[in-house]
């Protein structure tokens, strides 16, 4: 099966909200703690080895990377790689910059149609993960969580991580959050959950295609 995400290429890098590209195509943002495997997951989803780069120093990257998706002449969407968060040794000024950049982008970017939130399956729903949800959830747009590195868990541990994370996400619905909050297991190494993630992301980028597939055929 050919995936739209496999037609991805670097587009631009920005460090301030004023530099965000004036595009009209839908965007999907990828967020997660430093060392949650975000860059690796993006590369696997896009079937490329070096599309998204992970800094050798956790927490060093402070900018937003854009990747265009679709035909090079007429891209149909953008993937947006947000800075990793949660590394303790990052200076306070850098943390403040990240917080402003991430919270403002998530809350105000009209092109943004959904958030892919990476959580280490061994340590899901940290305080900072919850903060990301709370910044974005008021928009009513969907959040899909990838519980990364699930290959490091036993089968029972994976089941428990999935169940407990879904329970934590359901609590936001009880608080009145309108957008969909979903979760799945994911392993870039073992390619666990890859097809499921592909299908969900592409349904966000190409809802008209998904709608057409779901419509009954006229007799």
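Each residue, glycine too, has its Cβ placed from N, Cα and C.
According to Swiss-Prot, the domain 'EngB-type G' annotation covers 24-207.
In sequence order, 41, 121, 146, 147, 148, 150, 192, 193, 194, 197 are the residues near residue 186 (GTP binding site), counting only same-chain partners six or more apart with C-beta under 8 A. Annotation source Swiss-Prot lists GTP binding site at 32-39, 59-63, 81-84, 148-151, 186-188.
Summarising the annotation, Swiss-Prot assigns Mg(2+) binding site to 39, 61. According to its DSSP assignment, residue 39 (Mg(2+) binding site) is helical.
Take the binding-site residues 32, 83: by the count of other Cβ atoms within 10 Å of each Cβ, the lowest one is 83. Cβ packing within 10 Å was compared across the binding-site residues 38, 63, 149, and the lowest neighbour count falls to 63. Across the structure, residue 149 (GTP binding site) and residue 39 (Mg(2+) binding site) place their CA atoms 13 angstrom apart. Residue pair residue 83 (GTP binding site) / residue 39 (Mg(2+) binding site) shows a Cα separation of 10 Å.
For the domain 'EngB-type G' (24-207), the predicted model reports an average pLDDT of 91. Looking only at other Cβ atoms within 10 Å, the busiest spot among the binding-site residues 35, 39 turns out to be 39.
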